[in-house]
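Engineer: Okay, handing you the structure first.
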Amino acid sequence: MASPRSSGQPGPPPPPPPPPARLLLLLLLPLLLLLAPGAWGWARGAPRPPPSSPPLSIMGLMPLTKEVAKGSIGRGVLPAVELAIEQIRNESLLRPYFLDLRLYDTECDNAKGLKAFYDAIKYGPNHLMVFGGVCPSVTSIIAESLQGWNLVQLSFAATTPVLADKKKYPYFFRTVPSDNAVNPAILKLLKHYQWKRVGTLTQDVQRFSEVRNDLTGVLYGEDIEISDTESFSNDPCTSVKKLKGNDVRIILGQFDQNMAAKVFCCAYEENMYGSKYQWIIPGWYDPSWWEQVHVEANSSRCLRKNLLAAMEGYIGVDFEPLSSKQIKTISGKTPQQYEREYNNKRSGVGPSKFHGYAYDGIWVIAKTLQRAMETLHASSRHQRIQDFNYTDHTLGRIILNAMNETNFFGVTGQVVFRNGERMGTIKFTQFQDSREVKVGEYNAVADTLEIINDTIRFQGSEPPKDKTIILEQLRKISLPLYSILSALTILGMIMASAFLFFNIKNRNQKLIKMSSPYMNNLIILGGMLSYASIFLFGLDGSFVSEKTFETLCTVRTWILTVGYTTAFGAMFAKTWRVHAIFKNVKMKKKIIKDQKLLVIVGGMLLIDLCILICWQAVDPLRRTVEKYSMEPDPAGRDISIRPLLEHCENTHMTIWLGIVYAYKGLLMLFGCFLAWETRNVSIPALNDSKYIGMSVYNVGIMCIIGAAVSFLTRDQPNVQFCIVALVIIFCSTITLCLVFVPKLITLRTNPDAATQNRRFQFTQNQKKEDSKTSTSVTSVNQASTSRLEGLQSENHRLRMKITELDKDLEEVTMQLQDTPEKTTYIKQNHYQELNDILNLGNYTESTDGGKAILKNHLDQNPQLQWNTTEPSRTCKDPIEDINSPEHIQRRLSLQLPILHHAYLPSIGGVDASCVSPCVSPTASPRHRHVPPSFRVMVSGL
């Protein structure tokens, strides 16, 4: 090894010895050469050059002492250097010269390293080149001053990216790839697995920051996004948490092995490991580094098993110490043969991963000097290479150019420089089962990536995704659910069609005719429109296009709105007619035909149309897509599902819905009011107030519940559609059934009872009933209480008068039994008046019910039809018993028309305010004068 003189501070040469000592010096010279071979540049074990061979001095700068941590690097590469020098001398590559490597210990100290460099310049021979440079700080200081000394430096271990600046370090080369050399390899790996989104986690150290900055430049323009860049000083947990929050799956780390343990502990706490994540970190850590640093990083939160679990599968990136190819190198040996020789030669010295680069470095220097010698030999200057001095700029440039032309295959792969940087081989290792396994390598010269088959293992079935794969999935209405509800809707429409058929077929029946069949048809039409809207509500993006869906938004709103108004508008219009007739305080005749009711329904629909047209013109409904929070894949794949849901919305949706709801609410309240007011009308064919109240109650409750639940489940289209459809089906069905089922049952059982009012029975509790009627009327209009009471008293008086007339009729009937002579007299004097009473039915042509009843009665009893044109029939009647069936039928034929006539005003017949049923005694032959005793008209309850 180098002598203390060469590795320490070489002093000035001693003065010439006296003549007697000169002979002694010659005798001791061989012994001195054996004791201090390094002083002359010899390596251990190398054969001595012939005495006539001039040396080519090379300055070796590296840490060698054991007190320095990186001193092991210098000591570990010396066996490789000795092997290279020995082989070069054996091949006589530099004949007639030999390499003379003089070693100087820099101790990784800037001051000591700089002093060693200047001492070598001042006291040593003229060094042609500088070999070494391990510590970045010492190397950068010396490399910056090389241009002034025309010296070219070749480093085998300085990987700091700072030295890649050729403007600042033009004479610096290195056989080891820099830390930045891994970035093209990382780029190739990212492209291989199609990772286009990454994040970086960097320790706040210049070395790592420079690598990250260079990586940013490499990835720029390669269609790879750096979604997040985090850095830390001591605690990486905050940065790791931010990376997770930004959904970073591929993490490119730059930190030392001490911080690596902390990083993976934080990754374990944040669950950033496993099949969904891939960590790519430096691969130059010490073997089993996690065992060394775990004691420092260990805590109750991060046990060893937790650390290993988080580390599992990480990929390390570092330069390849030796080529894996079975190819002979420039020395004639394969990398594997060289490695065996190196291990044999180093004996008890610890290995260094830079030994291959030091070995190739000696060969680079030899080949450079060989080319420089050839260049000098080819020139006309006749300059020798040993004539180099530190001021010889020309020879310095020749050596620099020769260095740039280096290209051979060494034990570390193809040795080529590009701007002073080694284009080497980068290896990829993966942490598998608590050990690092080589899984691939990248050749920077050929720019190729080779993944070793079946070596790289991912914890999932496939490589991790570079981000959470968001599968936007449109939430659709289930086809089976749509089919079931459609079937129910079709059944409802069939039921509505059956009601329509029933209504049309029986339109001439008194029961149906008195219940306004045209209005019933409108109710059915409104129900069927409501049913039809269900089909449209179930059509979404899975059935129709976006444009069609936007059209459906408007169509289904119009259909449901119009259907609701048509059904309930017709129902309320019928109730209004009953209310207008039976709550007629002035007791005047009211004839409200169906045409007027149609106008009322049309007015309600016109209001609907105005609202809908304004809505469509000002702020039409549009298709909007609402995005919901991501959900895990039900199949367990490494994807997240972002549900999308289509809505029909506009800018001022709340305002328009408020207007529609307010209008429909007022319509419902109006219907409730009419139903309450007409609750005491006792003609079932006319009065549907009870059923209307039930319909309004059910529809109101269901609409409120349905609207609330539908709003709360707007993110669940199946539930929302099911609720909306069931509400529409229930409301439409219950409304149609309440309107038509009672009519159908009544028509089948007792149709006449539904068309007639209760007969008046004048009993002792009649005043009590009158009091109830008075109370009901009084509640309508309290301002007319006194007038109503007067009318009620008059009505009661007239009823008593009717009772008296009944008694008179009984007396007349009794007289018929007394004498035959009186019979003729009674018939002549009273039959004309009774016939006039019977003819009162002719005045009620507008009321079909009373007229039909009277006609049917006369048709069934032709013997009781007294007519002045057939006197012979009356004269031929024998004297009969008063209790005989003929006399009983005769009495009923006189009483029933009178009592029935009392109902006519309630259904739009003769005006009860008239003292006579005729307008004028001479207006028509049918309008005959009635004696004052029969000028009575009573309104029914």
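Even glycines carry a Cβ here, placed using N, Cα and C.
Caution: TrEMBL annotation is automatic and unverified by curators.
Residues or ranges marked as compositional bias 'Polar residues' in TrEMBL: 773-787. Look at TrEMBL and you will find 481-763 tagged as domain 'G-protein coupled receptors family 3 profile'. The region 'Disordered' annotation in TrEMBL covers 763-790. What TrEMBL records for 1-41 is signal peptide. Among the features that TrEMBL reports, transmembrane segment is placed at 479-502, 522-543, 555-576, 597-618, 653-676, 696-712, 718-741.
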Engineer: What residues elsewhere in the chain lie close to the transmembrane segment (522-543), defined as a C-beta under 8 angstroms and at least 6 residues from its ends?
Structural biologist: 474, 476-477, 482, 485-486, 489, 492-493, 496-497, 499-500, 503, 549, 552, 555-556, 559-560, 562-571, 598, 601, 646, 717, 721, 724-725, 728-729, 731-733, 735-736, 739
Engineer: Check the transmembrane segment (696-712) against each of 479-502, 555-576, 597-618, 718-741 and return whichever range has the most CB pairs under 8 Å.
Structural biologist: 718-741
Engineer: Of the listed stretches (555-576, 597-618, 718-741), which one yields the highest count of Cβ-Cβ distances below 8 Å with the transmembrane segment (479-502)?
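Structural biologist: Top-ranked stretch among 555-576, 597-618, 718-741: 718-741.
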Engineer: Go through the chain and flag residues at least 6 beyond the ends of the transmembrane segment (597-618) whose CB is under 8 A from any CB in it; none is fine as an answer.
Structural biologist: 516, 518-519, 522, 554, 557-558, 561-562, 565-566, 569-570, 573-574, 576-577, 656, 659-660, 663, 667
Engineer: Is the transmembrane segment (718-741) packed against any residues at least 6 beyond its ends, judged by a Cβ distance under 8 Å, and which are they?
Structural biologist: 477-478, 481-482, 485, 488-489, 492, 495-496, 499, 502-503, 520, 523-524, 527, 530-531, 533-534, 537-538, 560, 567-568, 571, 688, 691-692, 694-695, 698-699, 702-703, 705-706, 709-710
Engineer: Counting only residues 6 or more past its boundaries, what in the same chain has a CB within less than 8 Å of a CB in the transmembrane segment (555-576)?
Structural biologist: 515-516, 519-520, 522-523, 525-530, 532-533, 536-537, 597, 600-601, 604-605, 608, 612, 621, 648, 660, 664, 667-668, 670-671, 674-675, 678, 688-689, 692, 695-696, 699, 728, 732, 735, 739
Engineer: If you average per-residue pLDDT over the domain 'G-protein coupled receptors family 3 profile' (481-763), what number do you get?
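Structural biologist: Summarising the domain 'G-protein coupled receptors family 3 profile' (481-763) by its mean pLDDT gives 79.
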